[in-house]
Amino acid sequence: MNAADRMGARVALLLLLVLGSPQSGVHGEEGLDFPEYDGVDRVINVNAKNYKNVFKKYEVLALLYHEPPEDDKASQRQFEMEELILELAAQVLEDKGVGFGLVDSEKDAAVAKKLGLTEEDSIYVFKEDEVIEYDGEFSADTLVEFLLDVLEDPVELIEGERELQAFENIEDEIKLIGYFKNKDSEHYKAFKEAAEEFHPYIPFFATFDSKVAKKLTLKLNEIDFYEAFMEEPVTIPDKPNSEEEIVNFVEEHRRSTLRKLKPESMYETWEDDMDGIHIVAFAEEADPDGYEFLEILKSVAQDNTDNPDLSIIWIDPDDFPLLVPYWEKTFDIDLSAPQIGVVNVTDADSVWMEMDDEEDLPSAEELEDWLEDVLEGEINTEDDDDEDDDDDDDD
């Protein structure tokens, strides 16, 4: 295959990977043109000779730390696909001052050590003095969205009624808000420094407006922490708080009773298991049954928010269409209906709640009873293994 053919194949592959197959006869209209890779190489091979200049060139730099691709065709193709994802993201974000690079774990081991790169096949994002490990889906759109968030300030200011309403509408992730005198306040600066530690995974908000603070029942230099899907906040004690106090509080409370699996942080969430297991709930929010089940989950979570042993991961299948067939096959479940079960993160063994009536969802009380059995160990994936062994013996 010559260079021109190879380039054509790479472009076609990227479009299929990122944008899907184009419909025959459908052309992009002005204002709705999806980006197509223009063939310009923007992703830099970062090494000992050029890494200092590369860091000086970009406000934000995303580096893929990778092991050398194997010689087989599948490994080579996989690496090309990953490189093409970075190329499209680099093209889209070129005017934003975002650069992209590759660091080979063998050829450039010395550079990797200097930069603190430790986990292969991970993307590390450098912004000023902060290093952020990207733990999300390896796709151009998700990566671009994440990096646009990185470019934003770590603290968003609430200055009026509309911004307050937008803040209150955020329910599916942890959020913090503090009330301070002004930007020069030493307590606001401590809050901002703490925000940088969690940016962009956890949103931090602040207000200098006494009217906004009154509606939020915030006192001066007070910080409220909202757990995901919880209506009432918890106030960080002993105001005014230092950066260390804020960071420690967030670290201690960041695992919500109910948390949503999101493309931009899916691996971080999945790796934060409870003794090797996850309680996983599948529910399509756009589906009537899924919405109803999600409301039941919220109610149960709100009633049990003080239980540190309970954490449920909610997955909306609509967010991960490529994973739906895998989940259905691996867990032997039908994701066209809501499901909740226990998953072993080591071997993907699972056991799922049986619904007495397929047309009726469990009540909050029934779900709480089931969760209590899970937490007490009466329902676990080992029991499922024992049943499989019994079936084998019968054979």
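Cβ atoms here come from the backbone N, Cα and C positions, even for glycine.
Computed from a predicted structure; not experimentally measured.
Pulled from Swiss-Prot:
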- Asn344: N-linked glycosylation site (CARBOHYD)
- Tyr37: phosphotyrosine (MOD_RES)
- Ser75: phosphoserine (MOD_RES)
- Thr118: phosphothreonine (MOD_RES)
- Ser210: phosphoserine (MOD_RES)
- 376-395: region 'Disordered' (REGION)
- 1-28: signal peptide (SIGNAL)
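Sequence features, as recorded in Swiss-Prot, placed on the structure.
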| residue | record | Cβ contacts under 8 Å, 6 or more apart |
| --- | --- | --- |
| Ser75 | phosphoserine | Pro69 |
| Thr118 | phosphothreonine | Ala112 |
| Ser210 | phosphoserine | none |
| Asn344 | N-linked glycosylation site | Gly276, Ile277, Ser350, Thr381 |
